[in-house]
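**Student:** The Mg(2+) binding site feature in Swiss-Prot is assigned to LYS198, ASP200, GLU201. What Swiss-Prot records for LYS198 is N6-carboxylysine.
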Amino acid sequence: MNAEDVKGFFASRESLDMEQYLVRDYYLECVGDIETALAHFCSEQSTAQWKRVGVDEDFRPMHAAKVIDYDVIEELEQLSYPVKHSETGKIHACRVTIAHPHCNFGPKIPNLLTAVCGEGTYFTPGVPVVKLMDIHFPDIYLADFEGPKFGIDGLRNILNAHGRPIFFGVVKPNIGLSPEEFSEIAYQSWLGGLDIAKDDEMLADVTWSSIEERAAHLGKARRKAEAETGEPKIYLANITDEVDSLMEKHDIAVRNGANALLINALPVGLSAVRMLSNYTQVPLIGHFPFIASFSRMEKYGIRSKVMTKLQRLAGLDVVIMPGFGDRMMTPEEEVVENVIECTKPMGRIKPCLPVPGGSDSALTLGTVWRKVGSVDFGFVPGRGVFGHPMGPRAGAKSIRQAWEAIEQGISIETWAETHPELQAMIDQSALKKQ
């Protein structure tokens, strides 16, 4: 690529109609001449060849991805990761902002991903280390997406739960219970105060606990719990499956008593999520399997908040994500970023409920609330409810009691003096530390 060719892949914001472009932020490590490497990077993901031989034309003004800003962070002695490459020369770490014309792929998530994090992005000469840090969508692009059907307000209205977090619980043991056993445990947790009892992301439609039988038992238990507590409840059924089975599993689960559905968003694909969101009449909740495999490396892959944003775009009403606990191995800053992506303005797209989770209990509720910075989040203990020494009903009560302490502005230790379920969790934690 000569110097004139390189210029065709650079532009200023002022020279572009930015409503016609997605803006992407990347961390890149470039080998050799930086601007040549960046031009190749834009070319490979858009106009790899911008004219026909012997024809006086240039498709770059309309169709090329273009660098609109870049900053050289530092010169490196070697690449951050031993990625195989053939280029030679100095290595520079760069922050790069690229405008990509969305007419190249339209409002279609598979085509969008192919352009911004596909072959062209990760196989560009001179750019062996790549991390997609963010995507910014213009309102004209967002207008073609439906987004969450219910969102935060819709879910709160279903549950009549306002001014506080939404309390989920992952029924445990997560694998191995019969539908009858599973439903009894969920029922007890609803009586104790959970809003939503959910299948684990690994429990879907299996021979020993079919979605049909499990949903029937849980639907009956849910209605019984609603009658006894006077509170709406949700059974969240996992319908993750092959794409050609999703509609059938949806119908079976809802017909038999599930009133919200769990989907492992990346394993089934965001296009499948969008299809389900457009079809369903119950809230759709996403879980995070597969994302860490390409988001955890600091300088390579895709930053997790990009996937959170895309899950919201695809129509998830709730996004479950790695939370603040040490077990989740996620920096606090990254968790907060993901929470913000669920709720910040996004054109016509409704906010979705963020659920940062991982090894939570009544003892961590206050910490999660303070770090999230609002009540618009879901709290999703597993063993913190179902491993409670007094049983799942008491485990759920301990969560509600911890929230009462927060509302009263007093410590959970003080509140626990008159609330034995909360005291039992404190005592159990103290024993584990011995």
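Glycine residues also receive a Cβ, built from the backbone N, Cα and C atoms like all the rest.
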**Student:** Which of ASP200, GLU201 (the binding-site residues) has the most other Cβ atoms within 10 Å?
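**Tutor:** The most densely surrounded of these binding-site residues is GLU201.
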**Student:** Please give me the CB contact count at 10 A for LYS198 (Mg(2+) binding site), counting all chains in the structure.
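**Tutor:** Around LYS198 (Mg(2+) binding site), other Cβ atoms within 10 Å: 26.
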**Student:** Within 8 Å of the Cβ centroid of the Mg(2+) site residues LYS198, ASP200, GLU201, which other residues of the same chain have their Cβ?
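**Tutor:** Sorted by sequence, the hits are VAL170, VAL171, ASN174, ASP199, MET202, LEU203, LEU236, ASN238, LEU262, HIS287.
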**Student:** Which of the three DSSP states, helix, strand or coil, fits LYS198 (Mg(2+) binding site)?
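**Tutor:** Strand, per DSSP.
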